[in-house]
Amino acid sequence: MHQKALLFVLLAVGLVCLGLAPACRAQNQDEDADVEDDLDLDLAGTEDDDELDGDEEAPPAPKAPTAPKVTYKAPEPMGEHFFAESFDRGTLDGWVLSKAKKDDADEEIAKYDGKWAVEEMKDTKLPGDKGLVLKSRAKHHAISAPLLRPFTFDSMPLVIQYEVNFQSGIDCGGAYLKLLSETPGLDLDQFVDKTAYTIMFGPDKCGEDYKLHFIFRHKNPKTGHYEEKHAKKPDADLRSYFTDKKTHLYTLVVNADNSFEVLVDQTVVNSGNLLKDMTPPVNPPAEIEDPDDHKPEDWDERPKIQDPDAVKPEDWDEDAPAQIPDEDAVKPDGWLDDEAEYIGDPDAIKPDDWDEDMDGEWEAPQVPNPACESAPGCGPWKRPMIDNPSYKGKWKPPMVDNPNYQGIWKPRKIPNPDYFEDLEPFKMTPFSALGLELWSMTSDIFFDNFFITNDRNTAERWAADSWGLKKAAEGAAEPGLATQMLTAAEERPWLWIVYVLTVALPLVLIIVFCCTGKEKKTPAAEYKKTDEPQPDVKEEEEEEEEEDKAEEAKSSPAAEDKSDEEEAAAEEEEGEKEATTEEREDDILRRSPRSRRLRKD
């Protein structure tokens, strides 16, 4: 009972805290606002004093504790690489802005006139770190840069990595890159969406569709045409990479054995094989359906047919209605048959501009009849409809297996005239430039630290010197656990219940198991059961109570005169009790089995 009461009290305290938390926060905000107002008034009042007392120095303001700083150092590429760009020079030297127009777009938005800039992030945690920023919204953007030398797919892997930060979130737009194929006619000034590329890789989002593209263009060895091959969709949840406003590192690794890995923040989110996990498949099927084969006219694809031998039963009534009036229903008392359910609004007035020749005869709008409010109903009463137990509906013969069933017809297979087998799709078209060709409804997309190499260790060192510093700086600037919990609770108030229960339940268990003990046994239960005579516990308790009363009576002044008489009476009572006790003990001894044996012996 005490445990239940304690638990109820703790839960009540938790709920009270839950109810007072928003009010306390609001009060604190009001107090902060009042303090700020007071400080503003004080500062305004002391400006004149500062002018008058210019020689007097104001005491230095207390400095707020600063978070540990991470010093930025521009990364330097080490090892074999084909492209490395950190934008720390602060310029777009080496990059080419497209001057082309899209062919299939309106003239107003056909130009690639979106603005680019090299600058720090708006809320940078690493001063000195600059990147490429997409500055315009609802514009086409295109920018590219040549590699140090073309990348040729041979026995070494391809590793691409770069950083993206959606500083203002993202509504609809991409942040993917394209590796532009090495072709004789490649002109970076005319870089458009139809410019030939070898690989397209990176994040893309529109609406609630979050994507991380990996697409490569495969050349058909028989026809020479290129076809896009899309990697399967990652199983991981990509939402947070678009919404948390943090810098994320995107990495693509394509190996010579046709395996590939897609990583975000050095964690694999997608992997597979170029031969097995691309859509459509790299290699076409060896056989295809014959386009000249047609289904015969007498081909029967019906697995079931109506039983031709079935006959409709004679008692089957197809004309019986599905519902009939309930003959057991009785009209409720007080039903108003003569009152209409709706009547014309008596307060309605014909508009002044109503023309009966044009608009017809005016009628007041219908309103519920007030006389029907207290009645069970108005108007002619009708019996309610119920399901007809005799209803069977239209008779149909039962279905039976079709003896002539031939299965679902399919055209015959023939060898695919376009079949080929490419067991090394890794050997793609060489590329010689990197480009960003994007449309976005959100501005301030931050790109940084592009890196292309054929050595994974080299790429990891570059990531450690660039993205690793950003991660450390953002981690140092993050609030503590308690602040994060309070912020989360402000956004989702139901978390206060979770916090209260998380704290209250362990306390309840500790109190229940540590602060509650077993109940003490009564003195009568402490006696060991034997054949020996035991004193009467009840009599002893009564003697103790009488002794206590006697002592209290002696201590009072009014009882001093009667002390002699009470002492004499007490001695007599004690003598009587002793005699009574001795008699009881003798009686117990006489009735004891042991005493009987002794007398018999």
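Glycine is no exception: its Cβ is also placed from the backbone N, Cα and C atoms.
Curation does not apply to TrEMBL; its annotations are automatic.
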Disulfide-linked residue for Cys172, taking TrEMBL as the record, within Cys24, Cys206:
Cys206
Candidate ranges 22-41, 242-261, 362-381, 442-461 [criterion: TrEMBL lists as region 'Disordered']:
362-381
Far apart in sequence but close in space: which same-chain residues, 6 or more away, have a Cβ under 8 Å from Cys172 (disulfide bond)?
Lys205, Cys206, Gly207, Ser440, Met441, Thr442
Neighbour tally for Cys206 (disulfide bond), based on other Cβ positions within 10 Å of its Cβ:
15
